[in-house]
Amino acid sequence: MPFGNTHNKFKLNYKPEEEYPDLSKHNNHMAKVLTLELYKKLRDKETPSGFTVDDVIQTGVDNPGHPFIMTVGCVAGDEESYEVFKELFDPIISDRHGGYKPTDKHKTDLNHENLKGGDDLDPNYVLSSRVRTGRSIKGYTLPPHCSRGERRAVEKLSVEALNSLTGEFKGKYYPLKSMTEKEQQQLIDDHFLFDKPVSPLLLASGMARDWPDARGIWHNDNKSFLVWVNEEDHLRVISMEKGGNMKEVFRRFCVGLQKIEEIFKKAGHPFMWNQHLGYVLTCPSNLGTGLRGGVHVKLAHLSKHPKFEEILTRLRLQKRGTGGVDTAAVGSVFDVSNADRLGSSEVEQVQLVVDGVKLMVEMEKKLEKGQSIDDMIPAQK
């Protein structure tokens, strides 16, 4: 890079104490870790593309936290961020991912045949099944930091790759900027499209700059395999369908994802991955598999049971409302998914969802009959 980050150099005219953010009222992982000492140490560092510690933490400074959800409070701007600012990221990663250590190795397993069961979740209770992940393309900076030209290059590369898919994956790309308001809203309501960038986390991190330039959605002809381009990550890959056949959803996810990865590799742009962090993504909460395997499941009785939260925790699952994070459950329908991302494989994480949801549906059926479920409460997984 011929010139340094002049904006950051200018900030160095002020003492660290004068630049250090006020985090006294914050409830996020970044605020727990970033002391004045650490800020002093990191503030004149930058990645090869010019991302600084102030860029890393901005979203967490502007969003003190959520009363119920401990937000992460920081983002990576490029692949090197996790290395250059490791003294900030490592404790956050450990905190967020159950004590994951800087020396730990992540494992990847995208062989769908290793998943046991998953094709027999009761569709009267499990209304839909979905598996998603994110991927970052090597050689480009990440959405909080990329330039317009980079973002457009990522879109061009992605569309070329996706348009070469055939068979069950044959599909079409729909750029956001050529969609009507109505088309866009319909896709959002169908859970096919990312929301417009109103989330303060997206806005403060810089991910929503130039919206909707170079953003879009690609999906196969029967809308069961989707790829979001240039939202929070370069790519978000999603496999979904109505009902409870998680086995089929996961098969399509693995096969489609590996086809896409192959095409990018051949084009000389593999995905960002390393042995320690697995797949490198914008938000530290998604490192590892980046995978969220979830179902919409109806639990009218179990959700009112005093041990509902404890059961979820023991099964290593988390719940969200029907519309995703920050929403309420409508008609006792919850979005239940794996809590882990880093340190265990894709197959292991989806297995936890399949086994855990199956058990919770059995509990729900017992409660419907007025029977006790005390003997079914699982041990901590």
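Positions of Cβ are set from backbone N, Cα and C atoms, glycine also.
Among the features that Swiss-Prot reports, ATP binding site is placed at 128-132, His191, Arg236, Arg292, 320-325, Asp335. As annotated by Swiss-Prot, domain 'Phosphagen kinase N-terminal' applies to 11-98. The domain 'Phosphagen kinase C-terminal' annotation in Swiss-Prot covers 125-367 and rests on sequence analysis. Annotation comment: Swiss-Prot describes Ser164, Ser178, Ser199, Ser372 as phosphoserine. Sequence annotations record features per position, and here Swiss-Prot assigns phosphothreonine to Thr166, Thr180, Thr313, Thr322 based on similarity to another entry.
Counted within 10 Å of its Cβ, the other Cβ atoms near Ser164 (phosphoserine) come to 13, all protein chains included. Among the recorded positions Arg130, Thr166, Ser199, Thr313, the residue whose Cα lies closest in space to that of Ser178 (phosphoserine) is Ser199.
DSSP assigns Ser178 (phosphoserine) to a helical segment in the three-state reduction. Distance noted between the C-alpha atoms of Arg130 (ATP binding site) and Thr166 (phosphothreonine) is 21 Å. DSSP classifies Arg132 (ATP binding site) as strand under the three-state reduction. All chains included, 22 other C-beta atoms sit within 10 angstroms of the C-beta of Asp335 (ATP binding site). You'll find the Cα of Thr313 (phosphothreonine) roughly 26 Å from the Cα of Arg236 (ATP binding site). Comparing CA positions across the modified residues Thr166, Thr180, Ser199, Ser372, the one lying closest to Asp335 (ATP binding site) turns out to be Ser199. With DSSP states grouped into helix (H, G, I), strand (E, B) and coil, the domain 'Phosphagen kinase N-terminal' (11-98) comes out at 42 helix, 6 strand, 40 coil. Its Cβ taken as reference, Thr180 (phosphothreonine) is surrounded by 8 other Cβ atoms within 10 Å in the chains shown. When other Cβ atoms within 10 Å of the Cβ of Arg236 (ATP binding site) are tallied across all protein chains shown, the result is 21. When the Cα atoms are compared, Thr180 (phosphothreonine) and Arg236 (ATP binding site) turn out to be 22 Å apart.
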